[in-house]
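Record features (TrEMBL):
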BINDING   B:ARG59, B:THR60, B:ARG109, B:HIS137, B:GLN140, B:GLY265, B:PRO266  carbamoyl phosphate binding site
BINDING   B:LYS87, B:ARG170, B:ARG224  L-aspartate binding site
DOMAIN    B:8-150  domain 'Aspartate/ornithine carbamoyltransferase carbamoyl-P binding'
DOMAIN    B:156-302  domain 'Aspartate/ornithine carbamoyltransferase Asp/Orn-binding'
Amino acid sequence: MSQKVLLNSKEVNIILHRLACQLIENHNDFTDTVLIGLQPRGKFLAERLAKMLTDDYKIKNVKLGQLDITFFRDDFRRSNKPLEANTTDIEFIVEDKNVVFIDDVLYTGRSIRAALTAIQSFGRPKHIELLTLIDRRFSRHLPIQPNYRGRQVDAINEERVKVNWKENEGEDSVYLINN
Amino acid sequence: MSELSVNHLLGIKYLTSADIDLIFETADQFKEVINRPIKKVPSLRDITIANLFFENSTRTKLSFELAEKRLSADVINFSASQSSVKKGETLIDTVNNILSMKVDMVVMRHPNPGAGVFLSKHINASIINAGDGAHEHPTQALLDTYSIREALGSVKGKNVVIVGDILHSRVALSNIYALQLQGANVMVCGPKTLLPKYIKDLGVKVETNLRKALNWCDVANMLRVQNERMDISYFPSTREYAQQFGVTKDLLDDLDKEITIMHPGPINRGVEITSDVADSKQSIILNQVENGVAVRMAVIYLLASKIKH
């Protein structure tokens, strides 16, 4: 197994600030905007961005939720790995809101497809956008593209992109892993 | 571990404590789902489930059906009273005929103990036992212990007394297994005639004095006297039973602590518990019903995930 550093902690930090600024550009004071982290890995990015918006950019009332898409996936009974459910925590109605889905890596687009269905259980959003830290180009199975992307990566199918977070793995970094 | 160790849910005695943990963690997520404005997920849209009820049931049948529909499964219902079973068809024939219609999972209630185990050896579908005679009722025990975990934080180390007709109760046996597997201390309490002779072999305490039992416990699970299963008289009169083994508000207030009251339903108000106890804040009877749907969704979901495409 070989691995290559795609982004180090400094680069991750710069990208996060840029993404936060791009969000502010489009959503002003976030009155009608809600951030939804996609479980399991999008949660960390969403929490980090929400904290950054609140602490560094003084945005008040950033609404943050976590959405688990396990029960909405299209590979139930098809993958060898059992699907494990995570917590969904959305304490507001998304009816008529601008929803921003936040995930760490965009690969086939199937998780986002599932998230688009899952979010309907919480109302009819006015508008849904997608923010990802890593966009794996040329690997989409569905016509889904991010509105905000941290870094585009060309990786072949056998390769894996792993995003690490300080709160979880002890460092902010992105690796390209070749099995 | 994130997969059940079994392919059928025939009884709690076939489960491990890791299985129960997994079921409860999954049920937590489904409980959140059923409290959403839209209470349905599409996971099981290509699964067909047959509910075969060879014995009457309201609550369990409704709860299973709701759980199946909330998971988007296709559901067919069958009750013995309106079927060819009356014409002399065997259980295997009945079920095989239903399975020929491409059914993936069977939820079965049957008056004979071991009916689910028997069927699992002969047919190729996932089976959930929804009660087999006086043997087991695993989903009831799961939802009971899930409700205890929810009300008291955990099941481990808690003192739980099961009161009433232990002899005819599948709920009692499944609860004893489930509680012990999760580390609770279990006591049974009832008239001697309604306590099975070898019940102590299961490692439970036995008590015939209700007041002593209630003073010992954190949770009292009150069972119904199953008159329909009694061919002889086990106690002199219902009134006498209610006096000796019925929980009243006065009795509860007289204890030096506040205990939690459970009941698997249907309640005979005024017999095993009085109305004011059933409706008091100590009672978690309606929480049990709500949790029943979430726990059954978890069981169905986890078993269905083992049916390969």
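Here, residue 1 is simply the first one shown, and the rest follow in order.
Note that Cβ sites are derived from N, Cα and C of the backbone, with glycine treated the same way.
In sequence order, B:ARG224 are the binding-site residues from B:LYS87, B:ARG170, B:ARG224 with a C-alpha within 10 Å of the C-alpha of B:PRO266 (carbamoyl phosphate binding site). Of all the binding-site residues in the list B:LYS87, B:ARG170, B:ARG224, the shortest Cα-Cα distance to B:GLY265 (carbamoyl phosphate binding site) is found for B:ARG224.
Checking each of the binding-site residues B:LYS87, B:ARG170, B:ARG224 against B:GLN140 (carbamoyl phosphate binding site) by C-alpha distance, the shortest gap belongs to B:ARG170. Counted over all residue pairs in B:ARG59, B:THR60, B:ARG109, B:HIS137, B:GLN140, B:GLY265, B:PRO266, the record's binders of carbamoyl phosphate, the longest Cα to Cα distance measures 16 angstrom. Just so you know, of the binding-site residues B:GLY265, B:PRO266, the Cβ with the fewest other Cβ atoms around it within 10 Å is the one at B:PRO266.
Considering other CB atoms within 10 Å as the measure, the emptiest surroundings among the binding-site residues B:ARG59, B:LYS87, B:HIS137, B:ARG170, B:ARG224 are those of B:LYS87. Of all residue pairs in B:LYS87, B:ARG170, B:ARG224, the annotated binders of L-aspartate, the farthest apart have Cα atoms separated by 32 Å. Counting neighbouring Cβ atoms within 10 Å of each of the binding-site residues (B:THR60, B:ARG109, B:GLN140), the lowest count belongs to B:THR60. Comparing the Cα of B:ARG109 (carbamoyl phosphate binding site) with the Cα of every entry in B:LYS87, B:ARG170, B:ARG224, these being the binding-site residues, the smallest distance points to B:ARG170. In terms of Cα distance, the binding-site residues that sit within 10 Å of B:ARG170 (L-aspartate binding site) are B:HIS137, chosen from B:ARG59, B:THR60, B:HIS137. Looking just at the domain 'Aspartate/ornithine carbamoyltransferase Asp/Orn-binding' (B:156-302), the mean pLDDT is 93.
The separation of B:LYS87 (L-aspartate binding site) from B:THR60 (carbamoyl phosphate binding site), Cα to Cα, is 26 Å.
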